[in-house]
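K.L.:
Got a structure here, written out as structure tokens. Questions coming.
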Amino acid sequence: MRLIWLLLLVPFAALAWVPFYNRISPEAFGFPFFYWYQLALVPITSVLTWIVYRRTRHDR
Amino acid sequence: MTAEMNYPALAVFLFFFGLVTVMGFLAARWRRPKTLAHLDEWGLGGRQFGTWITWFLVGGDIYTAYTMIAVPALVYAVGAYGFFALPYTIMIYPFVFVVMPLLWKNAKDNDYVTAADVVHGRYGSRPLELAVALTGVIATMPYIALQLIGMETVIHALGLKGEIPLVLAFLILAFYTYSSGLRAPALIAFVKDIMIYIVVIAATVLIPAKLGGYGAIFHAADAAFKAKGSGGILLQPAQFPAYLSLAFGSALALFMYPHAITAVFASSGGDTIRRNAILLPAYSVLLGLLALMGYMGHAAGLKLANNNDVVPALFQSLFPGWFAGFAFAAIAIGALVPAAVMSIGAANLFTRNFWKAYVDPEVSHAGQTKVAKITSLLVKAGALLVILFLPTQFALDLQLLGGLWILQTFPAVIFGLYTGWFRAGGLLAGWATGFFGGTWLIWLNNYKPLHTLAFGDAKITLYSGLIALAANIAVAIVVSAALRLRPEPIPAPLKDSRFK
């Protein structure tokens, strides 16, 4: 079990504390923080998963 | 909403519907196998779909027509809370990345077609296999019915009255699924997904331009919720645990559904699945933007009899007829793909884990395919009858229960991939606790998915499915521990090099 796998827990940690992102400001392109923060987590999760994929594919 | 005939919309709609119908029947010749009379071919498309086909198929399969209608409708009705669909689809993919390649390998190595096959192979228990299979079938039936609701919503928005268009559309679907199997939805998914991307991107760019930008849309929604006195564009503190637990519980449940597992098993390998865990979130962005159409409904000042009309009404009031027709066709075709895969998934379960297990253990591959094809017709007919003759609310309540039910198969299907510690009796007792206890919780809360637990003065409201899963796992551990005290044959080892 390599530590790199822990990257996959980042999205869960980023979502776990709702009071952190349940707010209006800072807004971006008219989107309250609550919305753009969660939308931004989608590509971030994708990239983290890609990193894990690249770093572990030869382990199998 | 208005239901006058919209002829340009109808013409565009019929064109695309006709196109996918032809594709559905031709799909039998696509990547033609030596024979379609084998469940690996009819029911899993030959287990050979590469990264892109799998991306279109899984995306087309799990982001259903009902999702396209219901998520914006919930956001329209209650605001931020309805947005739980987004964290839900964020949490799914790390899980898929880690777990689903193992499940795929286990199935491939042993020629398993369903999740219940995997469970039987691991624990050698017919009762546990039956519990998993039965849960899969009854959780899927109402889900198919919901696809019909999605289709019905857009058919009525086109101005077509009565139930005959819906019945016709479903008959067409039933026949090409019968003849082409999983290849039909896999091929149609290309058209469906591209159409949906065009529609959502156009909607999220053009509608805000007409309504004064996203800032104005959020302000309008905020004002509407304040005027109504309920809902809001942010969560109330009491909603935090509910929001997260709904997202997390739904994420664990999604890939236990037969239609999701069928699409995973149809892929060509573990790496295909891992790449898809990286690429599928593109659909989540789409879903998040689509959810905001609920707020656009407020900004456009729509007056709706039914929240589900928010998406069709937006297209009708803000776009030319032909584009509304294109959008409606996208949603209707969006119902066909999941409905086809769901009926195939349910048919595979019935064939493998009931017919082959109890009725005819010696059934040939061709015989299995025949049983599955007929079952897929019956499953769809059942869903159609539910929609035509029972109140819509009945299908919605059953769908809610279905999500909770399918989540209770998680320990039986997944734990065995990692450990041989659990016993079939323990997992079965856990399943029964979660299934019946969870159903009771939903019933207690008047068919709402949330239950409030009180610890002294502290109250916390959580998704009932997750509470039921916790009880399920606790019982599975306790009963397995008890069963382990007496000698019992250990589970069969996984045929996977990782475990040697």
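A Cβ is built for glycine as well, from the same backbone N, Cα and C atoms used for every other residue.
The transmembrane segment annotation in TrEMBL covers B:6-28, B:49-75, B:81-104, B:130-149, B:164-182, B:194-220, B:240-266, B:322-350, B:371-392, B:398-418, B:425-443, B:463-485 (among others).
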K.L.:
Cβ pairs under 8 Å only, please: of the recorded stretches B:6-28, B:130-149, B:194-220, which one is richest in them relative to the transmembrane segment (B:322-350)?
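P.N.:
Between the stretches B:6-28, B:130-149, B:194-220, B:6-28 has the largest tally.
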K.L.:
Other than its close neighbours in sequence, what residues sit by the transmembrane segment (B:164-182), given a CB gap under 8 Å and a spacing of at least six beyond its ends?
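P.N.:
Apart from its flanks, the transmembrane segment (B:164-182) reaches 17, 21, 24-28, 36, 41-45, 148, 151-152, 155, 262, 266, 332, 336, 339-341, 343-344, 373, 376-377, 380-381, 384, 387-388.
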K.L.:
Cβ pairs under 8 Å only, please: of the recorded stretches B:6-28, B:130-149, B:240-266, B:398-418, B:463-485, which one is richest in them relative to the transmembrane segment (B:371-392)?
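P.N.:
Top-ranked stretch among B:6-28, B:130-149, B:240-266, B:398-418, B:463-485: B:130-149.
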K.L.:
Give me the stretch from B:130-149, B:240-266, B:398-418, B:463-485 with the greatest number of Cβ pairs under 8 Å to the transmembrane segment (B:425-443).
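P.N.:
By Cβ pairs under 8 Å, B:463-485 leads among B:130-149, B:240-266, B:398-418, B:463-485.
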K.L.:
So which of B:81-104, B:130-149, B:240-266, B:463-485 is most in touch with the transmembrane segment (B:398-418), counting Cβ pairs under 8 Å?
P.N.:
B:130-149
